[in-house]
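The domain 'FMN hydroxy acid dehydrogenase' annotation in TrEMBL covers 33-378. The glyoxylate binding site annotation in TrEMBL covers Tyr59, Tyr165, Arg202, His306, Arg309. Summarising the annotation, TrEMBL assigns FMN binding site to 112-114, Ser141, Gln163, Thr193, Lys282, Ser304, 337-341, 360-361. The annotation active site, proton acceptor is assigned in TrEMBL to His306.
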Amino acid sequence: MTTPQDIKSDKPIPKLTPFTYENDVYQAGRKGQKPSITFNCHDWETLAKDRLSADSFGYVWGSAGTRDTDDNNKKAFKKWGIVPSRLVKSDFPDLRTKIFGETYDYPIAMAPVGVQRIFHPDGETASAKAAEKENVPYILSTASSTSIEDVAKANGNGPRWYQLYWPVSENNDITVSLLSRAKAAGYKVLVVTLDTYILGWRPSDLNNAYNPFIRPDDIGVALGFTDPVYRRKFEEEHGKPIEEDLGTAATEWAHTVFPGVSHGWEDLKFLQEHWDGPIVLKGIQTVADAKRAVDYGVQGIVVSNHGGRQQDGGIASLDVLPEIVDAVGDDLEIIFDSGVRCGADIAKALALGAKMVLIGRPYVYGLAIQGEGEYAMC
Ligand SMILES: Cc1cc2nc3c(=O)[nH]c(=O)nc-3n(C[C@H](O)[C@H](O)[C@H](O)COP(=O)(O)O)c2cc1C
Ligand SMILES: O=C(O)C(=O)c1ccccc1
């Protein structure tokens with residue numbers, strides 16, 4: 001597999017001034033200005049907590065059960081340290097990464113995160129605009145609070161992938177509808193999440209009696225409510241349009257995308273028949289499953305435990321990364337997430353063999369704090 005340094009692309013190397021961000025900040029500081037944000041990534045969680053309702057903050061921060069899996073994810077990064085080599089002649093680092101035939105400016109993507117309007121009024125559109133600006137993939141969740149088409153519009157010429165929560169086979173027509181909408185709206189890679197056929201046991205949300213899918217404003221069901229096939233099926237079954245019974249329509253949509261029962265490996269054929277781009281399986285945590293992913297002909301995997309939100313008492317995602325890279329690193333693209341909080345974490349995951357790293361909670365905290373906004377010096 002290639003590393004970011006191996007990438008050869010026709011695109012000219014971006015004209016980077018060394019220390020661009022730092023330089024801007026320090027120059028403004030000479031004039032007595034201070035940044036409007038904190039550069040300490042560990043403070044973003046606290047700032048988001050100050051800004052959000054207990055329900056919304058509990059939702060992004062929440063993890064399964066005792067939070068052991070989430071703790072393990074973070075501890076796993078501390079077990080590794082970065083070892084430097086000196087006097088190695090090098091150019092200014094070129095972080096561009098080529099994956100699935102496209103070149104992105106950085107080896108990161110924005111993880112699929114549902115219901116972003118509970119964190120900021122602009123929700124997914126703010127995140128998708130930021131992704132375009134930085135030229136990194138925005139991965140739209142099936143549980144989004146903004147439609148496939150509206151996010152595509154906000155993302156403009158930016159790179160976008162689509163994450164599927166996969167309905168059971170009796171709703172194959174809905175799956176096909178979601179995939180064809182995503183394709184028509186310019187989403188290039190299909191990410192299929194395998195660890196969430198039902199939402200995890202999350203004490204913070206249970207204590208708040210809060211599920212963003214089951215809210216009076218039905219904020220989490222944008223993809224279902226804008227889906228022509230789901231709308232038609234609901235009307236046929238209930239004899240009325242979804243607008244006349246929003247509560248039932250929202251609950252049934254939640255059951256459509258979180259049916260509580262899982263597909264099998266052989267069902268992947270259906271997705272392969274209805275999606276002509278790369279397919280990535282998200283939620284792989286064992287070598288055996290990684291090998292199956294190769295056998296079943298998908299193009300990539302995300303080594304992920306969903307940030308510990310689904311299964312309590314789970315292994316750290318980073319701990320299984322090296323053995324999975326060893327086993328299948330030459331056969332498909334390996335993407336990593338769960339527990340990444342800062343640049344050094346990204347470097348560690350790349351050094352352990354990931355091609356690309358998904359950023360989850362940190363960007364949601366940023367969205368909550370300042371929407372799409374860039375920092376200002378004031
Ligand atoms: C608020 C929130 C919503 C999420 N929604 C989705 C989703 O809709 N689909 C999905 O595949 N993963 C979802 N995830 C999981 C992320 O894609 C990613 O795997 C996880 O955030 C990684 O863990 P970390 O944020 O602790 O690094 C969600 C995560 C959070 C925090
Ligand atoms: O919370 C999550 O992890 C998730 O995947 C999800 C599920 C439903 C709605 C929004 C996000």
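Cβ from N, Cα, C; glycine included.
Fair warning: this is a prediction, and the values are worked out from it, not measured in the lab.
Features as recorded by TrEMBL, highlighted on the structure.
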{"residue": "Tyr59", "record": "glyoxylate binding site", "Cβ neighbours (10 Å)": "23"}
{"residue": "Pro112", "record": "FMN binding site", "Cβ neighbours (10 Å)": "24"}
{"residue": "Gln163", "record": "FMN binding site", "Cβ neighbours (10 Å)": "24"}
{"residue": "Tyr165", "record": "glyoxylate binding site", "Cβ neighbours (10 Å)": "21"}
{"residue": "Arg202", "record": "glyoxylate binding site", "Cβ neighbours (10 Å)": "22"}
{"residue": "Lys282", "record": "FMN binding site", "Cβ neighbours (10 Å)": "24"}
{"residue": "Asp337", "record": "FMN binding site", "Cβ neighbours (10 Å)": "27"}
{"residue": "Gly339", "record": "FMN binding site", "Cβ neighbours (10 Å)": "25"}
{"residue": "Arg341", "record": "FMN binding site", "Cβ neighbours (10 Å)": "19"}
{"residue": "Arg361", "record": "FMN binding site", "Cβ neighbours (10 Å)": "21"}
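For ligand 2, the nearby binding-site residues are Gly114, Arg309; that is, of Gly114, Arg309, Asp337, these have a C-beta under 6 Å from one of its atoms. Ligand 1 lies under 6 Å from the Cβ of the following binding-site residues, listed in sequence order from Pro112, His306, Asp337, Gly339, Arg341: Pro112, His306, Asp337, Gly339. The distance from the Cα of Tyr165 (glyoxylate binding site) to the Cα of Lys282 (FMN binding site) comes to 11 Å.
In this model, the domain 'FMN hydroxy acid dehydrogenase' (33-378) carries an average pLDDT of 96. Spanning the listed glyoxylate site, residues Tyr59, Tyr165, Arg202, His306, Arg309 have a farthest Cα to Cα distance of 19 Å.
Pro112 (FMN binding site) sits 15 Å from Tyr59 (glyoxylate binding site), taking the CA atoms of both as reference points. In three-state terms derived from DSSP, Gln163 (FMN binding site) belongs to an extended strand segment. Of all Cβ atoms in the shown protein chains, 26 besides its own fall within 10 Å of the Cβ of His306 (glyoxylate binding site). Considering only the binding-site residues Tyr59, His306, Arg309, the residue whose Cα is spatially closest to the Cα of Asp337 (FMN binding site) is His306.
For Gln163 (FMN binding site), the nearest of the binding-site residues Tyr59, His306, Arg309 in terms of C-alpha separation is His306. Secondary structure at Gly339 (FMN binding site), taken from DSSP and collapsed to helix, strand or coil, is coil. Counting only same-chain residues at least 6 apart in sequence, those with a Cβ under 8 Å from the Cβ of Arg309 (glyoxylate binding site) are Gly62, Ser63, Ala64, Asp70, Gly200, Arg202.
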